[in-house]
Every structure is written in structure tokens, then in C-alpha cells.
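Working notes for the structure below.
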Amino acid sequence: MSTDHSPDPLLLTKAETLVEALPYMQRYAGETFVVKYGGHAMGDPEAARDFAEDIVLLKAVGINPVVVHGGGPQIGKMLKTLGVESRFVDGLRVTDAETARVAEMVLCGSINKEIVSWIAQAGGRAVGLSGKDGRMVVAEKVRRTQRDPDSNIEKAVDLGFVGEPADIDRRVIDTISKAGMIPVVAPIAIGEDGHTYNVNADTMAGAIAIALGAARLFLLTDVAGVLDKEKKLIRDLTPRQINALREDGTIQGGMIPKLETCVHAVEGGVDAAVILDGRVPHAMLIEAFTRRGAGTLIGMG
């Protein structure tokens, strides 16, 4: 018979993790975390379960999580099924009336309710809504220009029903959070003209984070964070450093608008924004509750 009474090393590790997390839990109790969950991060059911468990845990330790989700790939798939061609300008989907209807159907009727269901299965209570509900997010039309290659003249491009938040009424989210539930927001908004507008999910999350005075804005995506020229993760950045990395070409492509959202958020009063890989198990908890963190944290320095 074994006389070894030493604790299980795995249990010790778990206990040490909790001890390390405690000061962070105390620090963030009562604060708001806005979490943007990208459409590209939704493909793995196991990762979806991990995400839902993380959100429920945040709520359980006294943090108020607010989920804003994307759904670009899913919208594109539905449009293809319906025989509707997708066209993009500066990464924004050109949205005519038919595309706007499809986007609202996919985002509000499918993805939003799926995330609410994940959270319920993880033991939480979530309420799905869009920016249209209670006129929570009023959008204004996004305007873009493109240089004509023949005339070399900048010309206006009509993106259709693509909007950006002009005004946010936080009362709907506050009411849900104070009731002990978790708001899950689809990036659809109402315009002053009464039309429905499709809003970039990163932009929506950043605007909501500013309106709520969030402690953290998390952008969960399918990359580890911001990488340097050697493809190594950059753990901390300030707006000034981001400008320098853009100028020398280190930051390119789709990472630029994400960082613009982060900079806008921290300049608007959000304590910090983080870009991290939503496919990594419990990456958000690692970022929030450990010294090392995960992903790239953007702050004012």
C-alpha cells in the first residue's frame, strides 16, 4: 500500500494558477470587458466551448463581459449559396439592400443565437441582441473614395448600407449586465434614416468599449497577435510604436484596421486593448489573469 501523501502535481499546478489569478480577479471585479469574437474563430466547436466557458467564468468572478461577434465568412457563404456576388472596398463588404437583409439574417438569426446557446451550455445566461434593439447603436453611412487608375482622380465609392457607430446608448447593455446576464451583440445598427446598416464587428466592439468605459477590449482573431519582421509576437505596443511599425512595413494588411480600432479605443478611455488568437484554449483567461499574458496588448504606455 502506498504511503505517499504528497499532493497530485496537477492539482498543485491548478492551485498555483488560481493563486496567481487572484489579484487580477480582484483588480477587475466590477469592470467591463468587451470581447469581439471573430467569424474566423467560430469554426472549431471545441474552441467555441472554451470561449463560452471563459465568458461564463469572467461573469462568475464579478467581471461584466460583453460579447460582440462577427460573421463575415458565414455571410459570404450564405450570399454564395443565394448566388449573390460579394464585393469589397478597403476590407468592407459593399452592402446593397439584399446583402443587408442576408447579413442581418445570418448575424442576428443564426450566429448570435448560436453564441447564446454556447454560453447557456457553459452554465451562463446570455441575451442576444443587435445594435437596432432599443436604438442601442445609431449608425452613420461610411464614406470611402478610390483613385481612378485612368484619370488619377479620387472618386466617391458607394458602399451601400455599411455604417459606423455615431451614437451608442449604453442603457440596454447596462440593464442586461446588472441583471446578471451577458449581452451578445450582433454588429447590425439602425441609421437616422431608418435603414439597417451592417457595421464592421471590430469597429462596433471598439465603439461599445469606449461607451462603456471598459477596462479591456479583446479582439479574438485567428492570429497570435502583432508579429515583428522575424514573425515573433510583440507583447506590448503604444500608439506611437504602432505608427512606426506601419511606416516601416512591419504592420500590413488586415492587421492595420484592427490596430486602428485598438488605438481609437485606448485614446477614447479604454484602459487597454488586446489582439489575441481565439483558437488557443482559454487565451483570454491567460491574458487577463496571468503575469505573462497572451497576444499583443495596446495601451497608452
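Here the Cβ of each residue, glycine as well, is placed from N, Cα and C on the backbone.
Secondary structure at LYS36 (site 'Transition state stabilizer'), as computed by DSSP, is strand. When Cβ atoms from all protein chains are considered, those within 10 Å of LYS36 (site 'Transition state stabilizer') total 31, not counting its own. If you look up Swiss-Prot, you'll see LYS36 (among others) marked as site 'Transition state stabilizer'.
According to Swiss-Prot, the substrate binding site annotation covers GLY71, GLY72, ARG93, ASN198. According to its DSSP assignment, ARG93 (substrate binding site) is in a strand. A sphere of 10 angstroms centred on the C-beta of ARG93 (substrate binding site) encloses 20 other C-beta atoms.
Residues annotated as site 'Transition state stabilizer' in Swiss-Prot: LYS258 (among others). For LYS258 (site 'Transition state stabilizer'), the Cβ neighbour count at a 10 Å cut-off comes to 24, with all displayed protein chains included.
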Task: Local backbone state of GLY71 (substrate binding site), from DSSP in three classes - done: coil
TODO: Give me the Cα-Cα distance between LYS258 (site 'Transition state stabilizer') and GLY71 (substrate binding site), rounded to a whole Å.
DONE: 16
Task: Residue pair ASN198 (substrate binding site), LYS36 (site 'Transition state stabilizer') - Cα distance, angstrom, rounded - done: 16
Task: GLY71 (substrate binding site) CB neighbourhood, other CB atoms within 10 A - done: 26
- [ ] Round to the nearest Å and give the CA-to-CA distance linking GLY72 (substrate binding site) with LYS36 (site 'Transition state stabilizer').
- [x] 13
